[in-house]
Ligand code: UT7
């Protein structure tokens, strides 16, 4: 049983997608691939890419301002900012500090959270605990990526998959219950399945790391696929059990937007009907830590989530990490 002191709910959402579009046809000119292969194997039609001078904190700030407006709350009322990202502007300072300055959230504590594509779910659960415990009142949680800058555009195994974007929510202490439950997991024995090997303490930048293209995302796609299904199933069931709900109670299921085939298998193994799932990966590809954050904002704005609906966000990613959060939507 989770014993929290205060109830916490999402009072606003926002997202920002960079303007530049890269279609599957464009990719055919860059690597040995085809529109047919990408659609059949992943479900992705196009993805958006940040401009050269556009950073993760830029995308984050734009999504954050929309979420603040949606929540009808001023930046100075925010007392915590967490940016979940795997593609920060710099190793330090944290991207959250740069966002704080850009949106003038002058009273906020700031840090980044890195948990692969599961980062946004991890960050929501961390912020929920802070607010529930009475430590903070209003939190801005962002999932944002510019992974296009870390993708090897000569590697067809990875470059067709990823896209850039940001999603944000505002969490607030409230009388009525919003967030009901969550479950987080990790398996470091599978750390080698998705990694960006160089540039930090294990492999500091050198001529050799550059020649070996070690500053780009490396992934064992097939192995990740199998683990993705298992871990999203596990964390969804665990999170629902913790608040005495079952998959039958779920009104809107928002899985990590990595691959349509993964999503369809997860629906099947969980027994969730197709009309309950929200999918937008055809437009954006895999935006990693931003994926479920953007999807949540779009699902709300498109009226796919209605008051009193039970919503589940579930994700998996590098680490390997995985996690789910369950909430009742009552904005
Ligand atoms: O956010 C978490 C991050 N990662 C993921 O979610 C990734 C999870 N994994 C996947 O989504 C899938 O495993 C992929 C989409 C990455 C790959 O799909 P797959 O069905 O597992 O393909 P595969 O890796 O088994 O490759 C099948 C074939 C191979 O050719 P051969 O060896 O059979 O001749 C690949 O070389 O497809 C080839 N291939 C491609 N062909 C055309 C791999 N990438 C491409 C490509 N275009 N882009």
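Any Cβ shown, glycine's included, is placed from N, Cα and C.
Whatever TrEMBL says is automated annotation, not expert-curated.
Note that the structure is predicted; figures quoted are calculated from it, not measured.
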Annotated range (TrEMBL: region 'ACP-binding') out of 247-251, 252-256, 257-261: 257-261
Between residue 286 (active site) and residue 117 (active site): CA-CA distance (Å): 9
Helix, strand and coil counts within the domain 'Beta-ketoacyl-[acyl-carrier-protein] synthase III N-terminal' (111-188) (DSSP): 22 helix, 32 strand, 24 coil
Residues of the domain 'Beta-ketoacyl-[acyl-carrier-protein] synthase III C-terminal' (240-329) by DSSP state, where helix covers H, G and I: 38 helix, 22 strand, 30 coil
Rounded inter-Cα distance in Å - residue 286 (active site), residue 256 (active site): 8
